[in-house]
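A.B. asks: What TrEMBL records for this protein is below:
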- Arg193, 213-216, 281-283, Gln287, 335-338, Arg515, 526-527: substrate binding site (BINDING)
- Glu209, Asn211, Glu432: Mg(2+) binding site (BINDING)
- Glu209, Lys374, 428-437, Tyr439, 464-467, Glu490, Lys517, Glu523: ATP binding site (BINDING)
- 271-370: domain 'Glutathione synthase substrate-binding' (DOMAIN)
Amino acid sequence: MGSGCSSLSYSSSPTFIATAFSISSPPSSSSSLKLNPRSFLFQSPINLRNQAPLRCGKLPAMESQKPMFDVEKFDDEFVQKLVYDALVWSSLHGLVVGDKTYQKSGKVPGVGMTHAPIALLPTPFPENYWKQACEVAPIFNELVDRVSLDGKFIQESLSRTKKVDAFTSRLLDIHSKMLESNKKEDIRLGLHRSDYMLDEETKSLLQIEMNTISSSFSGLGRLVSQLHQSLLRSYGDHLGLDSERVPKNTSTSQFADAMAKAWLEYNNPRAVVMVVVQPEERNMYDQHWQSSVLREKHNIVTIRKTLAEVESEGRVQEDGTLIVGGQAVAVVYFRSGYSPTDYPSESEWNARLLIEQSSAVKCPSIAYHLTGTKKIQQELAKPGVLERFLDNKDDIAKLRKCFAGLWSLDDPEIIKKAIEKPELFVMKPQREGGGNNIYGDDVRENLLRLQKEGDEENAAYILMQRIFPKESKVFLVREGVYHKDQAISELGIYGAYLRNKERVMINEQSGYLMRTKVSSSNEGGVAAGYAVLDSIYLN
């Protein structure tokens, strides 16, 4: 699981991970598993049921599996026309990010904007796997909520990690203080994104991770889907593509609606929604789309504050009300706080604790945040652990179909395999945001180093199976210029969950995000510069 800033990863015991693209965001022991010698995947078949997708949009039936367009057939003049129209559409519709060459682009709206990095055309994706990913979204939402309520499980699962990972240790300290004070989160809001890749060898949809904090691009991801629909309406005949095969994407409105419902449940009409942001945020427009819907559709005011500003301007009243800058806060929406760099001083940690001590609805709470750590995913992958949190056997089976390989580093057999064949694994620390994972020969070197240094530090990492998705040639557009390259893609399915005590008010799939990156790159973050925003074309 993780933040909204995932990165390419892998796995191998039943759990929430497989391979991720980051943004600036398993199974367990192998004794009972039949492993594929190349990709270490579970050998159970994907027995998909022909069920309607949850909020996945209705699509016309496919007559047959028609081949997609061949980018080699398009001449430069035609592609340049597509690029020009795409850039005009992006500029007019707010599909933009801050331009890093402008000093103020991360602080002052409207200064130094450029189009978001995009795929020029949607990426083909099999409709049956699309339906599968949509179907399990509410089950994963429910699992996150139930795990978050088991404080003992979270603390025990991360106890070894705490000794060697200072960031996770600080998060656990806050969580422990909440447990000691018997702090209850009656209203629980989760805005998640579950990331998947389609493994080419086994034709299995495998989950990379579940992002539980700062699940980004619900604003811009919707726009890319609309951009591709627009281009296909204009050029569909020439391309041989139908715009109706790009699923409708309602991620922006569904996330905003969930926050609005949480605001209503908090029951203070004068309170605001506070978005916790980084001091410089070139992806601010993705965030402002949520605020825009909250204001225009729900008449709810949002404020943007850094953690440092929360510490200097914030206080908690005796009744638990969080006051920041003189305004009561009903909902705290984190778009920061998932990385150690978000806490450069004690002020930021004080702010995080202050928020947790308040009665405001947190998205996420500290428990939801920790549920998204990679070690928790690895624990959930162990045989029998899902049954601790879920009762429905069919739901459990559906989740396990998505699980790829994931191991802890105290498994000597898998460590031996990873040293022998490091190209089949990814080594992941307890970090989000992209650029943190270890690949290839560096996996072997780091495992050998850890063996020499002793067993303590290995608790800071997990091993994931490396996924091998299909490569295809695509047009990637950055800074107004297109490039044709071999690329791979990752599908993210958004999910919204809202509960007030025993009442579940929202539990739904909430749109999607496709990210595409050059296949030669290990990492995959859009905001980190590794990938581009994309949409899907169902086939």
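All residue numbers here begin at 1 and follow the chain in the order shown.
Glycine is no exception: its Cβ is also placed from the backbone N, Cα and C atoms.
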A.B. asks: Let me know the model's mean pLDDT on the domain 'Glutathione synthase substrate-binding' (271-370).
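C.D. replies: Within the domain 'Glutathione synthase substrate-binding' (271-370), the model's average pLDDT equals 98.
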A.B. asks: Work through the binding-site residues one by one (Arg282, Ser336, Tyr338) and name whichever has its CA nearest to the CA of Asn211 (Mg(2+) binding site).
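C.D. replies: Going through Arg282, Ser336, Tyr338 one by one, the Cα closest to that of Asn211 (Mg(2+) binding site) is Tyr338.
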A.B. asks: Near Arg193 (substrate binding site), meaning Cα within 10 Å, which of Glu209, Pro429, Lys517 (binding-site residues)?
C.D. replies: Glu209
A.B. asks: Please name which of the binding-site residues listed here, Pro429, Tyr439, Arg466, Lys517, is nearest in space to Gln287 (substrate binding site), Cα against Cα.
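C.D. replies: Closest candidate to Gln287 (substrate binding site), judged by Cα separation, is Lys517.
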A.B. asks: Write down the Cα-Cα distance for Arg466 (ATP binding site) and Arg282 (substrate binding site), rounded and given in Å.
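C.D. replies: Taking the Cα atoms only, Arg282 (substrate binding site) lies 31 Å from Arg466 (ATP binding site).
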A.B. asks: Nearest of the binding-site residues to Tyr439 (ATP binding site) by CA-CA distance, picking from Glu209, Ser214, Ser336, Tyr338?
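C.D. replies: When the Cα distances are compared, Glu209 comes out closest.
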A.B. asks: If you count CB neighbours within 10 Å, which one among the binding-site residues Arg193, Arg282, Arg466, Lys517 has the smallest count?
C.D. replies: Arg282
A.B. asks: Run through the domain 'Glutathione synthase substrate-binding' (271-370) and tell me, per DSSP, how many residues are helix, strand and coil.
C.D. replies: 42 helix, 26 strand, 32 coil
A.B. asks: If you measure C-alpha to C-alpha, which of Glu209, Pro429, Arg466, Lys517 (binding-site residues) come within 10 angstroms of Ser336 (substrate binding site)?
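C.D. replies: So far as Cα distances go, none of the binding-site residues lies within 10 Å of Ser336 (substrate binding site).
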A.B. asks: Find the one among the binding-site residues Glu209, Pro429, Arg466 whose C-alpha lies closest to that of Ser216 (substrate binding site).
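C.D. replies: Nearest in space to Ser216 (substrate binding site), counting only the binding-site residues, is Glu209.
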A.B. asks: Taking the binding-site residues one at a time (Tyr338, Tyr439), which has its Cβ surrounded by the most other Cβ atoms within 10 Å?
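C.D. replies: That would be Tyr338, with the most Cβ atoms nearby.
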A.B. asks: Tell me the Cα distance separating Glu209 (Mg(2+) binding site) from Lys517 (ATP binding site), rounded to the nearest angstrom.
C.D. replies: 18
A.B. asks: May I ask for the distance between Pro429 (ATP binding site) and Tyr338 (substrate binding site), taken between their Cα atoms and rounded to an integer number of Å?
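C.D. replies: Answer for this pair: 13 Å between alpha carbons.
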A.B. asks: With a 10 Å radius around each C-beta, find which of these binding-site residues (Asn211, Ser214, Ser216) has the fewest other C-beta atoms nearby.
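C.D. replies: Output over binding-site residues Asn211, Ser214, Ser216: least Cβ neighbours within 10 Å is Ser216.
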